[in-house]
Each structure stands twice: as C-alpha cells, then as structure tokens.
Amino acid sequence: MTRTDRVEPETDDSERNLTGRPDLRCGWGNIKPSCVQVCNNSKGALVFLCMFGFVQSMLVNGFVNASITSIEKRFQLSSRNAGIAAACYDIAYVALALFVTYHAGQGNSKPKWLAFGSFALGTGAMLFSVPHFASGPYVYGSGTTDTCDPGGNSTTTGCTTGGSTLSYYLGVFILAQLFHGFGATPLYTVGTAYLDENVEEVNSGLYIGIFYAAATIGPAVGYLVGGQFLDIFVDIDIGNNGSELTPGDLRWVGAWWIPFVITAVLGWVLAVPLLGYAKELPGTAEIREKKISQADVRGGEKIAANPDFGKSWRDFPSALKLLLCNPTFMFLCLAGATESFLVGGFSTFGPKYVENQYNRSPGSAAILSGAAIVPGAALGSLLGGALMKKLKLTCRGMLRLCVVFAVCALACLLVFLLRCPNVPFSGVTQAYGNSPNTEEWTASNLTDSCNANCNCQGEFLKLTCGADSLQYFSPCHAGCAGELTPDADGKMQYTNCTCIAHNQTAGPVEASLGNCPSGCQKLPIFIAIFFLMMVFTFGNTAPSTGATLRCVPDSQRPFALGLENVLSRLLGSIPGPILIGYVIDNTCLLRQTSCGVEGSCWLYDNGTMSLNILYVTLGVKAVSVLFFALAMFSYKPIEDAAEKPSEGNTQYEVTAF
C-alpha cells in the first residue's frame, strides 16, 4: 500500500525552541513548567478532552433536558418554544462549524479553539440561569380559593403583575443556547481530529470511543444531579417547607437553575489546561508517516495532498466541492442527520414523555430517563469502538457495522407501543360524575351543573383526586365546600363535594389534593427496551466517525467533520426537537392560560402521544438505515485493503466482517 504526502502543521516562530525545532512542550506562553509535561501526550490530551466532553454533555444533554418541563411551567412556554430554544444550540454550531474546522485544518492551533469553546460553554451556562434571578418569586396560585364559594368572584386577578410576560425570557434561553453551541463546535470536530492525528491508527477507534463514552457519561450525571435539584423548591430562600406544593404536584417547579451556575465555573476553569497544549503532541510526526490513506477514490486525495492546498481561504470552495462530490461521505452526513434528529428529540423530551406517560414527578422522570439514555449511550459508544479495534475494521467494515446497529435500533422503536391510559379527568377526558361521554358532552369543559355556582378560577391548577377515582382540576371544580385537616402525607382533604357521587365513599373524606394513582406497570419494560435502543443508536458513533475520517483525505479530516456536523444539525438536531415538540403539543388536552395568554400544557393524551412519536421516529430511522446502506455500497477506496493487506504491517490487516 502506498503512503500519501501530508500537510505538516505550521508552527509560529514563538513556538520554536533555540534549535529551530517546534517547541511542543505544554504551557502558557513562556511559562512551561516541568510538572505539567507529564500530561503532554495523547493520554493526557484524551483526559482533558474527556473532561470537556463530560462537562459539555452534562450541561447540554443533562441539565437542559432534565429541566425542560420545569422551565416550561415556570416561564409559561409551550413544548414547541422549548424545542426552538433547544435547537438554537445546533443553530450556533452550524453558524460557526465550517469556519472553525477550516481554520483549524490550515495548520492553526486546535487546542486554542478548544479552550475558546470551554470558556464560551461556561458563559452560556451562566446566562441560562439569569431568568431565575430576574423573574422574581414563583407564583403558583397559593392565594386563590380552593373550595366552592357561591358568593365569590371567578374573575382572574393579578394580570398587571407581569406574569403574562414570563415567556419573554425565551430570548435569554435562546442566547444561552447559542453560547452552548459556540462552545461545543470545536469539541466534536477539532477535538476529534486532534485525537485522531496524535495517536496510531490502530488505536484511533479506541480513543474516539473512550472520548464519546465520556461525553455520554456526562448526561448521566446531569440527569441524576439535575433530578435531585428538581426535588428542591425553585425559590431556595422559601424552601420546601415554605411551599404548600410537593414534587408530585403538577404545579411544582424545582431548583433547575443551580446546576447551571456550577457548570459555568467548571467550563471557565477547564479552559486553562486546554489552552496549554501545542498544535501537535511530541511524536505525532512519526505517527503521521506510518498512516495509510483509505480515502474514497473520488475524494480528491491527490489534490488535497498538495502541500499548498488549504492554506488560503481561496481554497475553501475547492475543499468544499471535494467533500460534496464524495458520495460515501455525503451518505454518512445524511445518515448522521437522521440519527441526530432522533437523538435530539429523545434527549430533549425523553423526561417529559416519561413524566406524562407514566405519571412521574419531574425529578423522578429525569432520573429514570437518564438511567436509560445515558448508560445505553455510553455502552454503545464503547461497544462500537471496541468492535472496531477487535475486528480491525477498515472503512468498509465500519460502514457494515453501522448498518447492523441501525437495523437493531429500528426494531427497538416498537417500544412506543407500550403506553398507559390517562387517569380519567372530569371535564377533560371524562364527563362529570362518571356519566357516559354522550354527543352533548364537550371535552375540556371544566364547568358542569354541579360546580356552575362555585365561581371556580381556571388559571391555577390544583389537581384533586376524588373518591370516585376521577381527577378534578381543583377542589372547587369537584364542588367541594368543606375542608379538613391534612392527612399523614400533608395533603389537604375535602368534604361536601357536589360533583362526586356520595355512594362512592364510605367516610367523610370525598377528595384529597394531588394526583390519582395510576395502575400502569409498563414503565420497567419501557426503560429496559429504551436502554437497548440507546445502545444500538450510539453504537454507531465510533464506526460512523471512523468511516468519515477514513473516506476523506487526511488534510480534510477536520473540515469533513465540521461539514458533517453542520449537515447533521441543519437536517437533524435543529428540526428534531422542534418537530417532536410540535407532535407533543398537538396531543395536549388541557393547557395553562394566564391573563389570556396560553402557556405550558398541563395534560396530554397519552395514547395519541405515543403513537404519533412512533410514526415519526420509525420513518426517520428507516431513512437512516437506507443512508448507511448507500454509504456502504457507494464506497470505493483508492486501494482495497481487504484484497491487498500491508506486508510486514499486520496491524492494518482486515478481519472479514
């Protein structure tokens, strides 16, 4: 097999030592302590890249996703608007990726870009917490009348306090997400290329697998820690004891903002060691000489191998054309877009789905979702990288592995056929008094003859469970006129409820504040199969990245990763959360309304939600399988490694897959 010429990274005069050779020591300017040189190798770089990936994914894929439901409630946002905010992370990535990756591929310092990314990430995290400090205490209707009051006033009050303007903070969340995107842009493009070019080719897949595994462990911590903070009341100066709400109450909002302040500090601190690395590590030149090109024959290897190619921005159109004319690379980009569509939708609204489908609190839903998504993603990333190393896969073998993983993930999507029926809700899913749903009955009509004279307010939800096993919007909507002392769990109890049939209860208590229990026991099965789906989905991470790096010329690898990530976000991560949020919004049965302005949804149609998500995800995943298959069949290497193994270099010998 032949080796191709490669462009050597340029080195500034300031980075050369007295002998004229590049100064590859780790440090900051003229400060290069001997004690930090122990980190100046591929393993040290991997550690800091893993830390960066861990913090980034803990923030964006953990804390943000775990807090989506709480933010929707606190700032009166619809799922579609929440999806738009989530998509802005990828919009920023798209806006910056091509510039960053092309600039880094011209021989400029990749670690400097990584340090910039870490600092920008910390800034975005701090911005994300700003709405909490600027919006004042959380108002959830603690001063409203709970019981039936024929002489009261049902008119909504307090609309001049600015409550209806809370949705304006959506702009701050969008700005914060843009900073998150700016921060992550160098990490998964320049960072991956920096790893690949500084390790031996036989170990590249393992290093990339470890890096992505660390990035998938971050959300596990994010979901777990974020879930714990969601069990603390949002206004920590009031505390749980100062609020009448409990985490199981639909109005509950936890302390979602605290993890963002912590992550901001971590991002700023981590920028310091990343800034200390040189453009390349000691020994990289020798590693570069041993590598063998596996670029696609239509990838422009000869053009890209020109030492002068890519050093000027005038070569940008030619560099872009080379990649766009590489069919294997383009099919991998399209497959990555479909995968990103699903991952973006699942990670953003996974906790919300579990919370509503299986009647869980926000904190519990975040932890359970994280228990399925994150370990599955980490295991899948490690599995993909380990199989690449074990089977010594070439580019073609990696593409075959991607097809197998995608088909397995497609089968697991049938888990959305497991769904729980809604608990009957009077006036929403069920007529009052357990009466049959006749043609005259209108869904989502909270007023009935039994509570028409109670002057109930419909702005603040106080979910109440009647002795007839029906849920009511509030004790007032259940027609309850009497109030008893709280039970052992601190829940208020009510009597004289005109909307509840008296023969349904044997004692004086006819209703209690809180959700009615759900008898659905399908959650463990859902979590188990969803875990497997995450394993197969993220099992594609290392082989698809490896195939992308192998099917293009070496000098174009950072730019190729940047273009792939741009396309995957434009066609996948950006529309994914927005479309899934739109699908979820369309299943809303009862929506919050404050001062005439619609806010977040209180109740969804579980059956319709699960089926709609199933239809969308099945279609997208089928397209993903198709694109991976087309990438495999269109791949034509310069020299088929399977037919001509390298003599005396068994580490590149291909094992049939």
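Keep in mind that glycine also has a Cβ here, set from the backbone N, Cα and C atoms.
Automated prediction, rather than curation, is the source of TrEMBL annotations.
Quick caveat, the model's predicted, so the values are computed rather than measured.
If you look up TrEMBL, you'll see 45-64, 84-102, 114-134, 168-194, 206-225, 256-278, 322-346, 366-387, 399-418, 523-545, 613-635 marked as transmembrane segment. Feature annotation from TrEMBL assigns domain 'Major facilitator superfamily (MFS) profile' to 46-636. Residues or ranges marked as domain 'Kazal-like' in TrEMBL: 444-498.
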Among 114-134, 206-225, 399-418, stretch most in contact with the transmembrane segment (256-278) (C-beta, under 8 angstroms): 114-134
Mean of the pLDDT scores, which run from 0 to 100, over the domain 'Major facilitator superfamily (MFS) profile' (46-636): 80
Same-chain residues near the transmembrane segment (84-102), Cβ under 8 Å, at least 6 residues beyond its ends: 60, 64-65, 68, 77, 113, 170, 173-174, 177-182, 184-186, 189-190, 193, 310, 313, 316, 319, 340, 344, 348, 558-559, 561-563, 565-566, 569-570, 573-578, 581
Secondary structure content of the domain 'Kazal-like' (444-498), with strand meaning DSSP E or B: 0 helix, 15 strand, 40 coil
Tertiary contacts of the transmembrane segment (322-346) (same chain, 6+ residues out, Cβ under 8 Å): 86-87, 90, 296, 298-300, 303-304, 373, 395, 399, 402, 406, 537, 540, 544, 547-548, 551-553, 556, 559-560, 563-565, 567-577, 579-580, 617, 620-621, 623-624, 627-628, 630-631, 634-636
Within-chain partners of the transmembrane segment (168-194) [C-beta distance under 8 Å, separation at least 6 from its ends]: 45, 49, 52-53, 56, 59-60, 64, 71, 75, 77, 81, 84-86, 88-93, 95-97, 100-101, 104-105, 110-111, 113-114, 116-125, 127-128, 130-131, 134-135, 208, 211, 267, 545, 549, 557-558, 561-562, 565
Sequence-remote partners of the transmembrane segment (45-64) [C-beta within less than 8 Å, at least six residues beyond its ends]: 39, 86, 89, 114, 117-118, 121, 125, 128, 177, 180, 183-184, 187-188, 191, 194-195, 198, 207, 210-212, 214-223, 225-226, 256, 259-260, 263, 266-267, 270, 273-274, 277, 281, 347-348, 370, 374
Long-range neighbours of the transmembrane segment (366-387), counting only residues six or more past its ends (CB under 8 A): 62, 65-67, 205-206, 208-210, 212-213, 215-217, 219-220, 222-224, 226-228, 230, 346-347, 350-351, 353-354, 360, 393, 401, 405, 523, 527-528, 530-543
